[in-house]
Structure formats: structure tokens, C-alpha cells
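Now, the feature entries from TrEMBL:
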DOMAIN    3-57  domain 'Cation-transporting P-type ATPase N-terminal'
TRANSMEM  37-55  transmembrane segment
TRANSMEM  61-80  transmembrane segment
TRANSMEM  210-232  transmembrane segment
TRANSMEM  244-267  transmembrane segment
TRANSMEM  600-622  transmembrane segment
TRANSMEM  669-690  transmembrane segment
TRANSMEM  702-721  transmembrane segment
TRANSMEM  733-754  transmembrane segment
TRANSMEM  766-783  transmembrane segment
Amino acid sequence: MVGLTQAEARELLEKFGPNELTNKHDFSPLRLLIRQFTNPTIVILLISATVYGLLGNVHDALLIFALIIPSGLLTFAQEFRAESTMQKLANLLKFFVKVYRDGNIIEITSEEIVPGDVIYLVSGDLVPADLEIISSSNLSVDESVLTGESSPKSKTSYEDNKLLAGTHVLSGSCQAIVLKTGMSTSYGLVASKLENQDVETSFERGTRQFGFLVARAIAILVVFVFVGNLILDRPALSSLLFSLALAVGLTPQMLPVIISVCLSAGARKLSEEKVLIRRLDVIEDLGTLQILCADKTGTLTTGQLTVAKYINPFGTIDDRVKLLAYENAVTQESSANVIDRAIAKMEVTYPIRKKKQEIEFSFERRRVSVIFEDGELVCKGAFSETFDLCTKVRTDNSIASIEPFEAEILKLHQEFAGEGFKVIAIASGYTNSEEDLIFEGMVLLEDPAKLDAQEAIDELSELGVQLVIITGDSRESALHAARVFDLPSDICITGKELSELSNQQLQNRIEKCQIFAEIDPIQKARIVEGYSKSGKTVGFVGDGINDVIALKNADVSISVDRAVDIAKSASSVVLLEKDLKVIADGIRIGRRTFENTMKYVRITISASFGNVLSMALASFFLPFLPMLPTQILLLNFLSDLPSVTVSWDKVDPEDLARPSTWRMRDIGHFMVIFGLVSTAFDLILFITALSILNGEENQIRSAWFATSLLTEIIAILVLRTKKAPWLSLPGKLLLWFCIGTVIVAWAVPVFGVVEFLGLPRVPWEFLVLIAGVSISYAIALEISKRVFSTGFGIPANN
């Protein structure tokens with residue numbers, strides 16, 4: 001075999017390029033950076049800051065930018081580190097290939113292969129490109145990474161003679177010519193379909209919808225206040241600035257910081273658990289996970305076959321069967337597959353006979369026979385193909401006709417197959433052909449359950465996550481796994497049944513099914529999509545090319561470090577160990593992150609809405625603006641400081657025990673109901689201070705500034721938990737920040753610490769008013785939480 005010359009190879013490499021996946025979907029730091037600032041909430045803040053700057057209010061514009069930019073850079077840095085780690089993992093996976101150049105076999109990297117090259121592959125080699133077989137010897141290939149089928153495929157130069165990139169050689173050897181490389185291969189075509197197909201995560205969807213909710217409220221508010229003040233003959237510029245200040249006041253300015261801090265802390269914690277987070281926002285999706293789809297092999301089981309039993313035809317442990325199976329496995333040379341490797345690991349103390357001849361394995365025959373020097377033939381293979389060759393059976397130490405025992409043996413085989421064992425038949429005979437054999441017994445192999453698999457499944461169940469098994473294995477194998485792991489096994493949908501279901505029929509049946517068997521790659525994606533359409537947050541664990549489409553359809557896409565590059569590229573989470581317990585730990589961290597984020601959203605949006613509505617209404621009947629724009633921004637800044645520490649707040653066990661999701665209707669109800677409660681007490685303060693205490697405008701502003709700060713702290717402490725506040729104490733950091741803010745709130749009207757901003761000391765009557773309104777507000781807020789809890793989906797716990 002001559003192959004290409006080095007000169008021809010260089011020309012072809014220049015023409016076709018390296019044999020690698022290079023497309024626009026590759027990692028781009030600039031695109032990653034831009035993505036951090038495209039959320040509607042961020043956009044609202046950016047627009048507000050820009051308007052402030054254009055109107056000459058540079059200080060306030062810089063303050064808003066100072067909140068947004070660091071949080072965006074923080075998430076960028078975390079995701080950039082994750083992507084860099086992925087690049088390093090990819091570099092470790094580069095491999096060498098034997099290729100014919102100038103008549104010699106040399107080793108080159110897989111990237112240097114070009115169309116027309118002739119390469120040499122042996123057992124264990126990865127297929128580096130799309131190839132056509134020139135010659136082969138007992139070649140079998142694992143195509144499961146593309147097809148999802150676990151059974152190896154036999155390949156020859158005259159039948160089924162194509163080898164596809166990404167598959168690997170199980171046994172035998174071949175010479176093959178390269179047809180396609182890089183993005184032109186079957187592997188590359190799948191990769192090209194991923195270009196620009198980033199699926200929006202449920203958390204991204206939630207924050208986007210929340211941003212639009214805030215944007216609508218802001219638009220209505222700005223127009224309402226600005227037009228109302230113009231009608232009252234207020235100066236246009238001051239009215240506009242006041243309206244914009246109210247808009248910024250309604251915007252959850254610290255949300256980007258809260259999310260960044262929560263997610264970065266979660267990512268660091270997960271990295272300690274051997275979980276690499278490629279997109280930070282997926283941490284919160286982990287917390288909302290309701291469905292987790294996974295194959296049983298390698299996830300619930302070890303992914304390695306081991307011998308469980310070796311039995312005679314009647315089910316009794318038999319050392320003769322063990323010895324015959326072992327001798328066949330270690331002396332045959334035509335098929336070094338996983339079954340032979342498992343059998344060869346058995347401990348055998350007897351001497352092994354020397355082989356005289358071998359009747360080779362093929363995928364059509366599904367068996368291999370070895371003839372030893374003493375003339376005995378030992379046949380090992382699939383049960384049906386081997387059993388059909390037998391006319392006799394060994395009973396104790398005698399040989400009898402198999403006919404009277406046939407039904408009993410077949411029944412025993414069915415029982416073991418139904419229990420999930422892979423059944424290998426053993427037969428013998430003193431003959432040179434596979435005829436008139438003696439049935440010796442069976443070797444039962446199993447893929448053992450992981451030691452902690454049941455514990456991990458129980459943890460997922462306690463977390464309210466439903467585990468769904470999607471496998472290419474048989475219905476019997478899938479149902480056996482379901483029984484072993486105590487999963488519902490009354491309904492199992494096979495690939496054939498699934499293909500006959502319409503989307504609506506699948507939607508109707510999918511809610512009650514947790515086991516899918518004999519499933520192909522396209523059907524995996526359809527199942528994931530079906531669960532997503534039912535409104536559930538769906539995770540999918542996959543590591544092959546055949547899993548890529550399903551990974552892209554999932555809210556949380558999970559692969560392992562040993563997965564093919566394209567599967568890792570399609571994943572938002574990469575496990576350094578394929579372990580469900582790690583996923584369960586990730587879900588807890590995600591829920592803590594999500595719950596603390598939602599605390600901030602609910603508390604801030606309701607308190608801000610109440611304050612902003614109060615100022616908007618007060619601006620119409622007060623002879624002056626209730627608060628100046630700079631004072632509003634200072635109020636927002638001080639009230640948001642404790643909110644930042646919500647990221648480290650404790651989370652009630654009840655909230656970790658079930659998945660939560662963004663519910664815009666509930667958030668809207670929360671905002672309006674508790675905002676109105678806040679507004680009611682603000683108006684009481686305004687009316688009392690103006691009509692009864694006859695306060696002047698700066699005194700009223702000072703009193704209201706202090707009351708607003710105090711009521712925001714009260715809102716944090718009351719609304720951070722579904723329980724009564726004294727039954728669920730906050731984290732230490734949050735508690736200290738709340739205490740500090742309360743001190744500042746009282747220092748403003750008592751000592752006039754920011755009098756230069758128009759917030760002077762106030763008489764003692766105002767201090768009594770501030771205390772009375774704050775205490776009354778706390779009582780009313782706790783009562784409101786209990787009365788209205790069911791309406792906005794946060795049931796109170798006692």
C-alpha cells in the first residue's frame with residue numbers, strides 16, 4: 001500500500017483544511033461578553049443611565065454604570081474560565097493515526113488527515129474521518145455514539161463498508177481510504193446544525209419576562225407622572241428628571257449583582273463537587289429542574305459488564321461451565337469484545353488447554369468456537385444461536401437428549417433475560433464442526449448498579465425531580481432496571497410505539513411514563529421536547545453524538561468529561577464524574593441560588609413599586625416634589641445594600657424540597673398587593689406630616705426617607721420567608737446589614753447626617769410618627785402575607 005505522497009498531502013491539506021470542527025459556533029470571548037448585557041433588565045438600566053448622562057446628571061449615570069458593569073464582568077469572567085477549561089479538555093483529546101505516506105506507515109495527528117489518505121485502524125482506534133474500507137479482518141465497530149445502538153456492527157470491504165467519524169473499532173483491523181474530513185463528515189454535519197442554536201434557558205426566559213414586566217410598569221409610570229406634573233404647571237426638566245428617577249427606583253438595580261454573586265458562588269461550590277458550569281445561568285435552572293432524562297447505562301449502572309453467575313442447564317452454579325467459558329474467552333482471537341473481557345476477569349485455578357483451531361466469530365453467527373488439542377470443541381455465543389446447535393444436554397455427569405428438557409431450559413432463559421441479565425450459552429462436543437453439540441449451561445452477565453445509585457434516585461425523588469430512563473436497550477432490560485431502582489414500571493414506551501404516536505398523543509401519555517426503551521437519537525430529542533412543552537424544566541444527560549439534539553432541546557444539558565467534543569459543546573454542565581449524586585447536589589445549590597434570587601425580586605419589586613407609587617401620587621397633591629432625584633437614588637442604593645446579602649441568606653428546608661419556577665402572574669400580584677400596602681402607609685405618613693404636624697417640605701422628605709428605608713428592611717425580614725419571621729431567622733450577614741441600615745435610617749431624621757442633600761433633622765413628633773408607621777406596617781405586612789399567600793403562590797408555613 002503506497003498511499004499519498006507527502007507533497008500531495010500538503011496540497012490537499014491546503015485545499016480542504018485541517019480535519020477539525022471549525023464553525024461559527026466556536027467560543028468567542030466578545031460574543032460571551034456582549035451576552036452579559038442583553039437582558040431586558042440590564043437594557044432598562046443602561047438606557048436610564050444614558051438619559052441621565054445626556055441631561056447632564058453625570059454622577060447618577062456613573063452610579064448606575066458602576067452597578068451594572070462589574071456584575072456583567074463577574075459573570076463573563078466565570079464563564080470565560082469555564083470555556084477555557086473546556087478548550088484544555090479538548091486539547092487533551094487529540095490523538096494520532098497510522099497513515100500510509102510514500103509507501104510507509106507513519107503516525108500523524110488526526111488534524112493532518114486529508115481526503116485520499118489511506119489509514120490503518122486496529123481494535124481500540126477512534127475513526128478520525130468518514131472512510132471507505134479497502135480491506136478488513138474480523139472488523140467490528142461501535143457506532144453507538146452516532147446511532148445510540150449498543151450492539152456492535154460488523155464491517156467488510158464489500159458489505160456495509162463505510163466507517164463514520166466519531167465511531168471506534170471494537171475488534172479486528174482494516175485499511176480504509178479517507179472520503180471526508182472536518183465539517184464535511186457526518187460528525188461535522190451534526191456540529192454545523194448547532195450553529196446559532198443556543199436554546200434559551202428557563203431562567204433566561206424568566207428574567208427576560210420579568211424585564212418586560214418591569215419595562216411595561218416603567219413606561220406607564222413615566223408617562224403618567226410626567227404628563228401629570230406638566231398639567232400641574234411643574235417645570236418640564238425637573239418633571240422629566242423626577243419621572244426618570246421614579247423609573248430607576250422601580251428597576252431592580254441590584255438584580256444583576258445579586259444574580260452574579262449567587263451564580264458565581266454556586267459555580268465555585270459546584271466545582272468543588274467536580275461539576276464544571278459552562279453557563280452560569282444554568283445553575284438556577286438546575287434549581288428549577290423537574291424532569292431528568294438519562295440512559296441507565298453508566299448513569300445508574302457502572303457501564304461495565306461483569307459475570308454474575310455460571311450455571312448448568314437447570315440453574316445450579318457449575319464450575320465446569322465457568323472453566324469452559326473462560327477457556328473460550330481467553331484463547332479465541334476473532335472477537336475481543338466486552339463479553340470476553342468480562343469472562344476473562346473470572347478467577348480460574350485450573351490449567352488452560354492449548355488451542356488447536358478456531359471457528360471465528362461473526363455478527364451473523366453471533367458465536368465463536370474453539371477446538372482444543374484434546375479434540376473438544378467449546379462454543380460460546382448468543383443463547384438462541386448456540387442453543388439451536390444442541391441436540392443433547394449435560395445432566396449431572398451424564399449426557400441425555402435435550403428434547404425432554406427443552407421447555408424447562410427455555411423457561412429458565414426467559415426468567416434470567418427478564419431479570420436484566422445478558423445470557424451467554426455454552427456448548428461442547430468432540431467434533432470439528434458446530435453440529436450435534438451438548439448444551440453445558442449459561443453464563444449470566446450484568447451491568448451492576450452503582451453502589452450509590454439508589455441513594456441518588458431517592459435524593460432526586462425527595463427533591464421533587466422525576467427521573468426518566470431513555471435507553472436504546474430492550475424493553476425487558478429497561479423494565480428490569482426500573483424494578484431494581486424502584487421506578488414506576490407499569491408503563492414503558494418503545495421506539496416503535498413512539499413512532500406511531502402523534503405529538504398530541506405523546507403529550508397525553510408522557511406525563512405518566514418514566515421508562516422509554518429501544519429509542520433512537522431523534523426520538524430522544526422528541527421526548528425531551530415533549531416534557532418541555534408540558535411546562536416542565538427538563539434536564540438531559542448525554543455523552544454521544546446521538547445525544548446532541550436532545551442536549552440542545554433541554555433546559556439543562558449535562559455531559560461528562562469523557563463525552564465526545566460535540567456533546568460537551570452542546571452542554572451547559574460538564575460532570576467530571578458521571579454520578580447522579582453530583583447532579584442532586586447541583587440541584588440543591590441551584591435551588592438555594594434561585595430561591596435567594598426570587599427573594600430579592602419579590603421583596604424589591606413590591607417595596608419599590610410601593611415607594612414609587614407613593615411618590616407619584618404624592619407629587620400630584622403635595623405643593624413640592626416628595627423626594628428629589630438624588631435622594632431617590634440614595635434611597636435605592638441604601639435599601640439595596642442589605643438585598644445584596646440575600647445571596648448568602650439561609651433558605652428554608654421546605655423551599656429546597658421542591659422545584660420552583662418563574663411565575664410572572666404571581667410576581668405581578670405580589671408587586672401590586674404588597675406595593676399597595678406600602679403605599680397606604682406612605683400616604684398616611686404624608687397626610688399626617690403635612691396636615692397634622694404642619695411639617696415643611698424638607699422635614700417631610702427626611703421623615704419619608706427614613707420611613708422608606710425602615711419599611712424596606714421590614715419587607716426583607718417579613719417576606720424573605722414563608723414562615724413567621726421569628727421562626728426563620730436570616731443569615732448573619734443579612735441580619736448585620738439590616739441592623740446597619742436601620743441605624744442609618746434613624747440617623748437621618750435624628751442627627752441630620754445627610755442634611756447637605758436636603759434631609760434635615762426633624763422634631764420628636766416626626767420620630768414618633770416614623771416609629772408608629774413602621775411598626776403598623778410590619779404587622780399589616782405579616783397579616784397580608786398570610787391572607788393573600790395562596791393567591792400569589794407562596795403559601796405561608798407556621
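Heads up, the Cβ atoms here are built off N, Cα and C, so glycines get one too.
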Fill in: Contact call for the transmembrane segment (600-622) against the transmembrane segment (733-754), three or more Cβ pairs under 8 Å
no
Discussion item. Out of 210-232, 669-690, 733-754, 766-783, what stretch is closest in contact terms to the transmembrane segment (702-721), meaning most Cβ pairs under 8 angstroms?
Written reply: 733-754
Worksheet entry | Long-range neighbours of the transmembrane segment (210-232), counting only residues six or more past its ends (CB under 8 A) | 39-44, 239-240, 242-244, 246-247, 250-252, 601, 605, 609, 612, 616, 619-620, 662, 664, 667-668, 671
Response to the item:
Given the transmembrane segment (733-754), its same-chain partners at Cβ distance under 8 Å and 6+ residues beyond its ends are 634, 638-639, 641-642, 644-646, 648-649, 702-703, 705-706, 709-710, 712-713, 716-717, 720, 760-762, 766-767, 770
